[in-house]
């Protein structure tokens, strides 16, 4: 089959100047053979042109002759040299044009059908006289295998496949072949970086007037089920409908969908969820039985399906259903042959498809993230209003379920509070400076031109894609491997520091995206391991390479703002490094203070010793589990630790409140006139109050000012109780597993073998489904997701049984090591009379005033540091609001 793969709107390998430029001439056409412009359009005596009522815009479709059974003379056989085509003239006349034979007239006696014949015949959609083979046994679908002739252009296999008639009849379409009647399949046999140079192209460049892509949206997925995928696609479709319903917009309006391409990239043919693949089939984007394993002995690296669908999705009661006759959407589905991680999926998006389409704005969404109904528009608007905006992100929300039912789970509530405060204080502060440390890959956008490398191949994308070669490579160091676990942070840094440029990053509060959050301890531990390690090492990289800001073209004041922000980030990183030590010191000081005579006395001393011992035991347990056990195999232990640290936090909150109240009572009963000013002279009181008000008070005030205070009511308590878990469980596991640089999704690619295509002199044969098979296959795919999913329990495999046995061995090993460590610690404490035993055993009981003074000084420094950092965040958030009032987005 002839290839559609011309370069970026070119024909025959040469670029056709765009309309509206000085180079463009409506009556000229670039001919690759002659290397010069040809004269005005002249009609062929044999070629009949179609007239369509649906649209005046004609797509250069793969000609019908490319899939007949008869021998083909090849794409260049006996063509007249004086035949030329004027695409613009055909576009204006609303006539159908065969864009794959441009510059070459139909032969007088062709061995294949001419372009005047309808593609979809009465019986079969591929040829007049298909060859039938033996029918499949009863019980399966009664398929007829049809052998079809295909032509290749420069070694590339491209097929225009009719969509199932049962789908076609439910949606509006032209009477002739167009983007709604045919799905286009391309078998890519190259690396993403070679896609353009190998003469592959996409449909948007094959229209009589190539379509400009303003928005290029990518949805990356691994093995997400039909519910997660539908949730994302429903949000994307709503955004496209919103932009099509903006008649007064200069950019958008009725035909806005023609400026938007939605790309779905699935990471591995063996990994894609069959129900998700069935949804794509139901939309007409995917067809089973079309893909090939090899083309001329070259392995296929990606299967690319293109279709403009009228079929949208809806989700009710956990079941996905199709909704036909809706706003058209240009879909591009890339099914990678192998599982090569998300960063490789982005290579296909940016290096392969992005180079062909040359979009303005690229939007990145993870499957499972549901963008708000107009969120993508608001992201685009940020770029439209600020020419130097190189990247933007919206607010990531935790999915709370109907009526917030998911908040019953304290883990979900804690993450909800964490996300909210990050979007209220952290992101606005960074946006005010112009540099956001990370644009979440789950929902963010970039200006395509800002990401491009320079002429030497150096730039943001070069650094970003370096992570693909580092992972699993023997030359990669531990620092670089961990750093590229958060490769989106590297991309943000390289974008803002791009040489001789002055791009900035922005936070768009109006754009929201909802995503599922881990609802079990083990899932949370595994997720945060990659987040914490990646962000920590990426932050070190950014601080160490701060000088690269000076190679950019930012103004002096912008660079000064970046310097202030990096000082702030450095202080935060230092506190994060010492978080586990700081928490223990605060715990020790508060529990020891409760043992004083004017507070709890002897009871406080005993409680302090008991909690100190338990603290040590559970912290050691965290270390032992983190260094040897899989979280999935130690779920109960991790859950027990969450409960213990919550109890510790309750005790600390009681201690802080009790000490502050006692200080007030002591001042009231001192015999002097009580006043507020006198109260603040009490160092214990004002240190605690300043710290608490600077943290909790600022959280509340900022949330109210942002008109988003509800998380303070629904999630604040849960967040406070689980704060020690973040410090003593998640941080410990992350640092104990810095050697683990995996993403947790890499697996064996054992997948069904596909047929291959071999050609001679540009032609070959392949098996393709006929029309009856298309309908039966389409019905079968629809049935896959038309009912609620019922999990089929399968007996454990040998590998699973072995893994379970290994979990048991690890559990025994953990118990032995824990007993050994605890008994040795108890022996040392008894011999040395330390760990608080000296306070509850008979003795002098002399206090160490010097140690007490040091503790008070330490507490003062820590609490005032918290106050200053919180106040700085608050000021940044307020400045963001002021700027947002004038900017409008």
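Positions of Cβ are set from backbone N, Cα and C atoms, glycine also.
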Exercise for the section: Select from 666-686, 687-707, 750-770, 771-791 the stretch of residues annotated by Swiss-Prot as transmembrane segment. Expected result: 687-707
Problem - Contact call for the transmembrane segment (530-550) and the transmembrane segment (606-626): at least 3 Cβ pairs under 8 Å, seq gap 6+ - result: no
Handout entry: Most Cβ pairs under 8 Å with the transmembrane segment (431-451), selected from 606-626, 641-661, 687-707, 716-736, 861-881
Key = 861-881
Fill in the blank from the handout: Cβ contacts within 10 Å for residue 199 (N-linked glycosylation site), all chains included, total 19
Exercise for the section: Report the listed stretch (606-626, 641-661, 687-707, 716-736) having the maximum count of Cβ pairs within less than 8 Å of the transmembrane segment (861-881). Expected result: 687-707
Exercise for the section: Would you kindly check 606-626, 687-707, 716-736 and say which stretch has the most C-beta pairs under 8 angstroms to the transmembrane segment (641-661)? Expected result: 716-736
